[in-house]
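Please read the structure below before turning to the comments.
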């Protein structure tokens with residue numbers, strides 16, 4: 001693995017390689033000698049899992065009777081099938097029609113260059129749906145290949161599983177042969193299955209801005225490309241093979257451990273023939289990726305609603321790809337680029353059916369996932385985490401119970417919550433439903449060995465245990481060897497009488513049926529509120545819920561809706577005396593860091609940077625080094641509860657600016673008035689405004705802005721090509737906060753003032769020189785202009801609001817004076833000395 005690039009503004013990004021473990025090579029020797037060696041070699045590779053007990057079932061052997069003409073896939077024959085079978089003492093009449101929604105042969109294969117003749121055939125099999133005995137509440141969903149039926153029947157509250165009986169007697173009437181029909185009974189105490197479905201015929205949702213902290217369905221419309229080496233190797237089976245690989249990759253993205261409803265949808269399949277000027281595919285993985293990314297963009301359409309549009313592209317090749325130092329590379333992709341048309345792409349070296357995990361791994365990078373051994377992932381996964389996840393840096397047997405690590409789930413969740421997956425919200429109009437059968441049914445162990453090690457390779461049957469690791473024959477230095485790449489047998493591969501592999505285990509067919517039935521997930525209860533992010537000044541606390549009641553299984557729908565909620569906390573004012581704002585404290589935490597700039601001799605002071613920061617980046621910790629004048633993103637996120645800007649009451653929550661009122665309550669509608677009084681009516685202050693035109697060379701006092709002033713605005717307009725006056729600010733102690741000592745600040749900047757107040761300055765070279773801020777000022781400020789020439793047609797205007805004087809005791813009215821005078825005269829008249837002369 002190596003990182004060779006970066007993508008600013010999206011956390012860690014770059015180009016990543018996925019490597020392969022070195023093959024184990026063993027000479028073909030008698031089994032008795034080899035057993036102990038294999039036990040040692042495979043001990044670390046075998047999955048530790050307990051076999052599930054089969055659920056109670058009833059079953060019968062049946063012979064489906066076809067009542068209408070043959071249905072020949074791809075031949076234009078009637079897409080309707082009537083079938084009758086006797087089971088459980090009842091006659092079941094199946095009225096089936098071809099389901100266009102799952103019609104594999106509906107996919108258009110696009111050939112660029114000379115199309116290979118062997119690839120023009122249609123795929124075997126038709127998907128049929130219908131009813132049973134005319135019951136509108138019943139459901140029949142079956143796959144028909146001209147000689148066998150495979151699928152599920154739901155009739156009168158019972159669930160029936162129909163499949164061909166291996167080694168069964170053919171039907172004497174020429175119809176389907178012997179099948180086995182199982183009636184599955186729910187386990188005792190098991191409640192009804194939650195199965196949420198979208199209404200049939202419902203319109204596709206339009207792309208919209210993602211809700212924050214919500215689980216939303218994402219549809220990854222994928223272009224699959226195979227080069228000429230793939231066509232030469234796979235021949236007529238290339239299309240079926242690619243769909244099988246992508247089906248396994250899509251299944252990985254459906255696993256609940258990814259904690260998001262992600263559907264991988266193949267919308268276009270392109271096969272490159274000879275004579276086509278396609279991407280330059282060579283040994284260098286990096287150069288191949290760059291060439292493919294540039295080439296695929298020309299095939300895309302810009303409109304997301306266009307049926308030919310795709311969100312990501314993936315190239316399969318038989319070319320041996322090499323990284324910087326070795327040729328163990330199996331794939332490469334950029335990180336965090338899923339909605340970037342120029343970089344949402346990946347390349348995969350075809351290595352057999354396990355290439356599905358390579359494809360899932362590279363697409364994981366496109367979703368911003370890092371390798372599980374990266375520094376951020378080590379802390380998120382914990383010390384007990386294994387290396388058997390999709391995003392492991394080296395290909396290994398992926399844990400079927402948890403294919404995605406906690407780190408992968410966290411990174412894709414944060415990525416989508418921050419709006420980077422906006423292009424995935426539109427549902428494809430005509431999606432291709434990938435093969436539903438397990439790949440091992442179409443590719444036995446020998447064929448899997450051929451796909452991995454070449455056409456002469458065969459499965460080594462003498463090497464136990466079955467399913468855990470695929471051992472294949474080969475030659476090294478003229479000697480016959482058995483070799484493995486540590487990948488398990490493909491799911492569905494026969495491993496014994498009435499047994500097949502699943503997740504690296506050999507299971508009975510009864511147990512295998514449990515993996516065919518999707519189960520939709522359901523939300524669990526909300527968890528308790530977490531700690532507040534701040535002790536004062538307005539923090540944020542969270543509560544979350546998980547998709548665990550029940551956990552989705554076998555590709556069942558993941559929960560949709562809000563997974564995290566948050567609220568304000570500790571909104572009271574912080575104690576007076578703190579000279580720094582909350583964001584200033586976060587920047588100042590880097591003041592003693594000497595490892596950021598090796599060329600700078602010592603530590604430096606960091607202050608927040610607001611000017612020039614894009615609105616979408618307000619919640620990154622962007623700080624400016626006062627000594628150098630440069631500014632950098634020191635943290636991808638500020639602490640939750642940090643104000644988005646000095647002029648806003650909105651706060652940052654998980655890297656996004658969320659509206660809050662001036663009372664520091666998220667969602668509140670309270671606002672500051674012009675006097676900066678929360679919820680006030682503006683009556684507590686008055687506007688002061690004026691202009692200045694008496695310019696003389698040097699610094700000129702314009703006005704003293706008093707302490708407590710709010711909504712300050714100063715604007716100087718004139719011909720910027722002949723400007724000769726500039727704004728300046730002087731503090732009470734005689735020092736300058738802006739443009740003092742005949743030194744100008746040419747670019748936009750934040751003027752930091754005592755009392756954690758800042759004003760935004762446009763820069764001396766701006767077309768309209770301005771100075772603005774909400775205040776209130778903690779101390780008086782003298783506005784000056786620096787005259788450096790003969791000002792012509794220059795206008796300087798200013799305005800601000802000042803608090804109204806506190807009203808004193810009201811003056812008595814004339815009536816009050818008359819009444820009080822009468823009282824005094826009456827008191828004097830009653831005095832003993834009154835009236836004496």
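Glycine is treated like the rest: Cβ placed from N, Cα and C.
Looking at 176-183, 184-191, 192-199, the range tied to motif 'Cysteine switch' in Swiss-Prot is 192-199.
The closest partner of residue 467 (disulfide bond) among the recorded positions, by CA position, is 506; the full candidate set was 68, 506, 547. In this structure, of the disulfide-bonded residues 345, 472, 559, 569, the smallest number of CB atoms within 10 A of the CB marks 569. Cβ neighbour count for residue 467 (disulfide bond): 25 (other Cβ atoms within 10 Å of its Cβ, all protein chains included). When the Cα atoms are compared, residue 339 (disulfide bond) and residue 345 (disulfide bond) turn out to be 10 Å apart.
DSSP classifies residue 293 (disulfide bond) as helix under the three-state reduction. When the alpha carbons of residue 536 (disulfide bond) and residue 322 (disulfide bond) are compared, the span between them is 54 angstrom. Cα proximity to residue 495 (disulfide bond) (within 10 Å) is found for the following disulfide-bonded residues from 377, 460, 501, 547, 559: 501. Residue counts for the domain 'TSP type-1' (520-575) by DSSP state, with H, G and I taken as helix and E and B as strand, are 0 helix, 15 strand, 41 coil. Residue 482 (disulfide bond) has none of the disulfide-bonded residues 377, 423, 501, 532, 547, 559 nearby, counting only those with a Cα within 10 angstroms of its own Cα.
For residue 472 (disulfide bond) paired with residue 423 (disulfide bond), the C-alpha to C-alpha distance reads 42 Å.
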